[in-house]
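Trainee: Just passing along the structure, written as structure tokens.
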């Protein structure tokens, strides 16, 4: 394997089995290069970060940098996507997809700071993440070389990885038994593999690790008031909070009531279908709040355009094109639409369901006077006939032509 002149590599490091093995592998296969470990704190389980620096150094890294990206992740990545209403294939709230560009960006920033020649990730050759990481690298620092061990090495099993570390006397807490593959951040937890590999198998209870089983959730519903400004959640139950703190608060409430579970089969960018169980408790509550205000504020054409924005944005984000001009254009349009998306929504949480039971906005286009079925001074029922005749004119002309040509 050629060194390609690489002297220093910054690795996106998680502390897991794969990236722990990547550190010595890089040093052995890239001419004894220096490996700097980069750990992104995006709200994953705190225990995943305990001792991660020591673990990286024991694996052979020269340095380990743990960077707190939690607030930036929610403020600059999650909230902008929420403004567009993006849902990949109608249900996936893009938890992993949104996290990859901020990780890769911070990794590139560290690489430039320490004078690295290359960046490295631990994504497999079958998944979407390799595309998301490398597209970001290319957009931000095209001169950096990219190393993707899963496309090069012959370590194809957990057993092989464990043996590799054992042979080099590198300690690890990993074991042979790893039933599921999981990704976790402040926004969501995804679970894949194991029993989920067959779409005919119902998820086991251990497929869900964050949210309470809706059937076992509290028997009494709970209400929460969400304040929205410019399409962003800014307060929970009247308390103004930062984006990350808003999400953190709603995650606790949502998980308690079994909110935010989905079990889907999705189309990966690389052409493979995959199944996953996703848990997004706080995010699901936020989406419900935003929809509640949008229903009051956006007119029909604006709402339709926001739906189209969300559809396009879902593919852009899923495909890892965060730093593409198209994403910025979609975002600018969404921000313009969100200017008047201000208001309050009271949501009821009950056994996995989120229901908007009260909503108000100073910019509301809803008028009780117009909405009534009774008589009023501003809407003349007789006007509807002319509108319908014009609205259906093309259908009328087509029908007349068909009769004429019979």
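Quick reminder: no glycine exception, Cβ is built from N, Cα and C everywhere.
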Trainee: 175, 181: which one does Swiss-Prot list with 92, 97, 128, 132, 190, 266, 278 for the L-citrulline site?
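Mentor: The candidate from 175, 181 that Swiss-Prot ties to L-citrulline along with 92, 97, 128, 132, 190, 266, 278 is 181.
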Trainee: Please identify which of 40, 99, 141 is recorded by Swiss-Prot as part of the ATP site containing 12, 13, 14, 15, 16, 17, 18, 19, 20, 122.
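Mentor: The record-listed residue among the candidates is 40.
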Trainee: Using the alpha carbons only, what distance in Å do you get between residue 122 (ATP binding site) and residue 128 (L-citrulline binding site) once rounded?
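Mentor: That comes out at 12 Å between the alpha carbons.
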Trainee: Between the Cα atoms of residue 181 (L-citrulline binding site) and residue 14 (ATP binding site), what distance do you get, rounded to the nearest Å?
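Mentor: Their Cα atoms are separated by 13 Å.
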Trainee: For the recorded L-aspartate site, enumerate neighbouring residues of the same chain (Cβ within 8 Å of the Cβ centroid of 124, 128, 129, site residues themselves excluded), in sequence order.
Mentor: 123, 126, 127, 130, 131, 132, 270
Trainee: My understanding is the cutoff is Cβ-Cβ under 8 Å with a sequence separation of 6 or more in the same chain; which residues meet that for residue 97 (L-citrulline binding site)?
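Mentor: Set apart from residue 97 (L-citrulline binding site) by at least 6 residues yet with Cβ under 8 Å, we have 88, 128, 132, 317, 318, 320.
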Trainee: Considering Cα atoms only, can you say which of 12, 14, 16, 18, 266 is the nearest neighbour of residue 129 (L-aspartate binding site) among these binding-site residues?
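Mentor: So, of the listed binding-site residues, the one sitting closest to residue 129 (L-aspartate binding site) is 12.
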Trainee: Quick check for the class: what is the C-alpha distance, in angstrom and rounded, between residue 266 (L-citrulline binding site) and residue 124 (L-aspartate binding site)?
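Mentor: Distance (Cα to Cα, whole Å): 17 Å.
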Trainee: Within 10 Å of the Cβ of residue 122 (ATP binding site), how many other Cβ atoms are there?
Mentor: 21
